[in-house]
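See structure below.
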Amino acid sequence: MTATHPKCLKCSHTNTSATFHPYMPEEGMVEEGELKIHQASHARYFEDFLKFVEYGESMPEIMKNQVIHMVHEHVSAQFEENSDELQKFEQDLEIWETSEKREIQERLETHQVVEATAQIVEHTPEAELRMRLGSTSIKGLLADFGDSIHLGKINGKYVLMIESDTIEFDKGVSPIEFHRPDDLQVLIEKIINKS
């Protein structure tokens, strides 16, 4: 066996013509390559073919479109067609849609939000819920909203309640790890009396 080209090995057999085999790297190795199309007819074929290649929407885009559609359905049912309120809502929705940092809109009741999240979760069970209350970031599953994640208001301030059987702490140590939680009623009274 004699090597003829760095990328090919030449095998000579008796009574057969020479056969070229591509050089195969070891298993697990990856080599970068480049495809060059030398014949114009082949290049044109690929250009023609690429017109028909479509890339689907990303998951965040799909969820955003679903949310916009559902909210529009619920809210437009509350207003008359071409009313000032509906036009203002549509303008607010456009602003919301293009904003990177969005604030709560307070347009839907809890049961409507739970219905809307159920439709999204049906298609995407692992859909995430991410929000920030003040400087506290919350990350969970959208499916948990209304079941173990609850959002409310007391004296004009937002309150988020999360139900869980356990609490675990990550890196870093704090005295909160030794806290004996207050009864929820006591906590609510404390929040009410705070304002």
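Heads up, the Cβ atoms here are built off N, Cα and C, so glycines get one too.
These come from TrEMBL:
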- 103-191: domain 'DUF3898' (DOMAIN)
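The predicted model assigns the domain 'DUF3898' (103-191) a mean pLDDT of 93. In the domain 'DUF3898' (103-191), the DSSP tally of helix, strand and coil residues is 29 helix, 25 strand, 35 coil.
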